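Enquirer: Before we start, here is the structure in question, set down as C-alpha cells.
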Ligand code: LLP
C-alpha cells in the first residue's frame, strides 16, 4: 500500500477539505519556491533568464509568486500575456512561443514590449515584420529550430511526430535567418529549441545543444550574431520513481559545450517548477464491485485532471488517513460517462465512501487542462504557505457555466 498524505505543508488535508470542499487543487508555495531556486542555483552568477512556461499552471498567484522570485515567463497566447501583466510580471522578461500566433497576438505583444518572439515559421516572421512596421517598432526575434534529435536513439522522446508542427526545419534555418535579417522591422536576438516534455535523461539535451551550437556557428559565419540561446523546457519530475535529470549537470553541460561563445542562456521550464507542488484532493463517493473488479468512484474526473485519460499518465494516488477498511486493488474512476474517465488503475488502497484521496504531482498540466464536460464546475484552487491557506481561485458555480448562453424562444412563430 502507498504512503499517506495527511498534510500539505503544515495544514491538514481534512481542514482543507472542510473549508473548501472537493475536488480541490492545492499547491505548496514552498515547493514552488524551492523548485525555482534550484534553477537559479544551477545557473549561479552566469547570465541567464528562466522563463516559467505559464501553460503548466497559469493561476495569477502562481505567476505572482514566480514574478516576485525574479522569473521571466514563456507564454503562448495573448491571454497568458494578460495574466502575466495582471500578476505583476515583467514584460521585459516575457518570451512568446507558439506555432499559431495571430496578428492580434503579435500586435498586443509588440505594444506591450516583450523580451522576444520565438518565431516558429517563415510565414510568422513576415506577419510580425508587417505588424511591427505598422506600429513603428522593431520586433526582437528568435527562431525556434527543430534540432531533429533522433527519437530512435532516445525512444523516451515521444514528441517526435508532433514536433513536426513546431519550429523551422534545421536545414533551412540559415536561409530563413538571412531572410529575416534583411527585414526592416525585425531585430534578430537569439535562437531556441524545445525537444519535448518530461525528459528524464540528459542525452537528448546533449545532442540538441551540439546541433544548435553547430547552427549558431554557421549563422555567425554568415554574419548573424546572436545574443541568447534558449534551450526550452522539458525537465521531467518524479511521477513514478523515474530517475531525474540533475539540473546542475544540465547547466554545466550547456556551459561546457558553449565554451567562450558570448551567449546568455534561457530556459522555459514548466512542469519542473510547479508539478511537484500540486495535489488534487478528491472524495470517494462510493465503492463498487463489478464481477470481482473493484472501483472507487470519486468526485474528481477527467474534466478536472485529464492527464491519465489523455496520455495514460500514471499519477500517484494516496490515502490521506489510515483506514481499517480492507485493502483492494481499485480502479479510481470519475463520474463522467466515458470509459476513459479514470484517474488511476489497480491501486492497492483501503477505502470507503467519504475518504479523501490525494492525487500527487498535479501542479502542472492539471487545473489548466480542466474543462466543463458534463456541466461540471471546475475545482477551487488554494495555495498553502506553512500554516496559511489562500484561496486563489473560487470553485466555479454551476449557474456561471451557462451564464453566456441564450435560450431561443421557440414558441414565437
Ligand atoms: N516551452 C515550450 C515551447 C513548450 O511547448 C513547453 C511545453 C514548455 C516550454 C514547457 O515544458 P515543460 O518544462 O513543462 O516540460 N500537457 C502535457 C505536457 C505538454 C507540454 C507542452 N509544451 C502533459 O500533461 O504532460
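Every residue gets a Cβ built from N, Cα and C, even glycine.
What TrEMBL says about a protein is an automatic prediction, not a curated fact.
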Enquirer: Report the candidate from 126, 170, 365, 373 that shares the pyridoxal 5'-phosphate site with 234, 268, 269, 270, 271, as recorded in TrEMBL.
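Expert: Only hit among 126, 170, 365, 373 in TrEMBL's pyridoxal 5'-phosphate site, alongside 234, 268, 269, 270, 271: 365.
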Enquirer: Applying the rule Cβ within 8 Å of the centroid of the Cβ atoms of 234, 268, 269, 270, 271, 365, what extra residues of the same chain belong around the pyridoxal 5'-phosphate site?
Expert: 53, 56, 197, 233, 235, 272, 273, 364
Enquirer: Could you give the Cα-Cα distance between residue 338 (substrate binding site) and residue 55 (N6-(pyridoxal phosphate)lysine), in whole Å?
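Expert: Rounded to the nearest whole number, the Cα-Cα distance is 26 Å.
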Enquirer: Is any of 234, 269, 338 (binding-site residues) within Cβ reach of ligand 1, i.e. under 6 A, and which?
Expert: 234, 269
Enquirer: Of all the Cα pairs drawn from 234, 268, 269, 270, 271, 365, the residues the record ties to pyridoxal 5'-phosphate, which distance is largest, in Å?
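Expert: If we measure all Cα pairs in 234, 268, 269, 270, 271, 365, the largest is 15 Å.
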Enquirer: Using Cα-Cα distances with a 10 Å cut-off, which of the recorded positions 55, 307, 311 are near residue 270 (pyridoxal 5'-phosphate binding site)?
Expert: 55
Enquirer: If we check Cα distances from residue 234 (pyridoxal 5'-phosphate binding site), which of the recorded positions 55, 307, 311 wins as closest?
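Expert: Spatially nearest to residue 234 (pyridoxal 5'-phosphate binding site) by Cα position is 55.
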Enquirer: Hey, of 55, 307, 311, which of those recorded positions are within 10 Å of residue 271 (pyridoxal 5'-phosphate binding site), Cα to Cα?
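Expert: So the list reads 55.
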